[in-house]
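> There's a structure below that I have some questions on.
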Amino acid sequence: MTSKLKRVAVAQLCSSADLTKNLKVVKELISEAIQKKADVVFLPEASDYLSQNPLHSRYLAQKSPKFIRQLQSSITDLVRDNSRNIDVSIGVHLPPSEQDLLEGNDRVRNVLLYIDHEGKILQEYQKLHLFDVDVPNGPILKESKSVQPGKAIPDIIESPLGKLGSAICYDIRFPEFSLKLRSMGAEILCFPSAFTIKTGEAHWELLGRARAVDTQCYVLMPGQVGMHDLSDPEWEKQSHMSALEKSSRRESWGHSMVIDPWGKIIAHADPSTVGPQLILADLDRELLQEIRNKMPLWNQRRDDLFH
């Protein structure tokens, strides 16, 4: 790998409602990424847990701060033990803040953390666009029942890979967000996700390649995959749920990938593998600059008409 190339790892996993088990998988994937000489590893949305319903999510979110602290400690341990630095981008949940509760808002926060090799959280981006949809011949989902939307566009991160713009899952459907991140200097965009089978099959690759071409950025797409076990006997007992009320399974699309600024897929998860998986790609900043120089979209934009 030459000096102009930076290696990225994109992880795919199948989260459950058990944060302890999920953390074990996350740590194993980070360890593998270090051993394969990645500079940054990107994990999917909801790497801490997936839940049965809004009440279950609020219950599990109380455990997320401990998950995050243990993850930070694990990163520093892995860096020390392997004598190699790595940064980590990971989608997790946070419980409502004290101010949220004072305002009568008990919904959780869906956030993307960027943690450096010293275990420091450099950025906490809260998902802007929430997945409230009635998919034709598919599920009816209303993320806003359990999640509060963010209120701010995240700053660009000066990562070992280059200038990184952060987004989460459904954000990818709003091109103005990606274009804004590009206008702020982004060279790389990440979209950690938990796409449904129906929407993933129809739009996952299409959206990723479109955002890469729109922005002339590398696009990183770590996804949840497979059938998730959302059973939680402890919570079900506490909440006195009947068997009919339980919703202990959901399925995610997977197909994690890395796309270059020309819209070419340069790394793709093995679709036959449902378990945890890591894909690698070497990002070439000279290629990015060449594409931007030969097709100077940002110089040709009609900012006098479009704002």
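Any Cβ shown, glycine's included, is placed from N, Cα and C.
Summarising the annotation, Swiss-Prot assigns domain 'CN hydrolase' to 6-285. The active site, proton acceptor feature in Swiss-Prot is assigned to GLU45. Feature annotation from Swiss-Prot assigns active site, proton donor to LYS127; the stated evidence is sequence analysis. Feature annotation from Swiss-Prot assigns active site, nucleophile to CYS169. Taken from Swiss-Prot, the feature substrate binding site covers ARG173, THR199, and the record attributes it to experimental evidence.
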> Within 10 Å of the Cβ of THR199 (substrate binding site), how many other Cβ atoms are there?
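I count 20 other Cβ atoms within 10 Å of it.
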> Reduced to three states, what secondary structure does DSSP give THR199 (substrate binding site)?
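Note: THR199 (substrate binding site) is helical by DSSP.
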> Listed recorded positions are CYS169, ARG173, THR199; which of them have CA atoms within 10 A of the CA of GLU45 (active site, proton acceptor)?
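So the list is CYS169.
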> Long-range same-chain neighbours of LYS127 (active site, proton donor), Cβ under 8 Å, sequence gap at least 6?
ARG109, ASN110, VAL111, LEU112, VAL147, PRO149, GLY150, ILE168, CYS169, TYR170, ASP171
> Around the C-beta of GLU45 (active site, proton acceptor), how many further C-beta atoms are within 10 angstroms, looking at every protein chain?
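The answer is 27.
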> Hey, what's the Cβ neighbour count for ARG173 (substrate binding site) at 10 Å?
17
> When DSSP states are folded down to helix, strand and coil, where does the residue listed as 'active site, proton donor' land?
coil
> Taking every residue in the domain 'CN hydrolase' (6-285), what is their average pLDDT?
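Overall, the domain 'CN hydrolase' (6-285) comes to a mean pLDDT of 96.
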> What three-state class does DSSP give CYS169 (active site, nucleophile)?
helix
> What count of other C-beta atoms do you get within 10 angstroms of the C-beta of CYS169 (active site, nucleophile), across all chains shown?
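Result for CYS169 (active site, nucleophile): 25 neighbouring Cβ atoms inside 10 Å.
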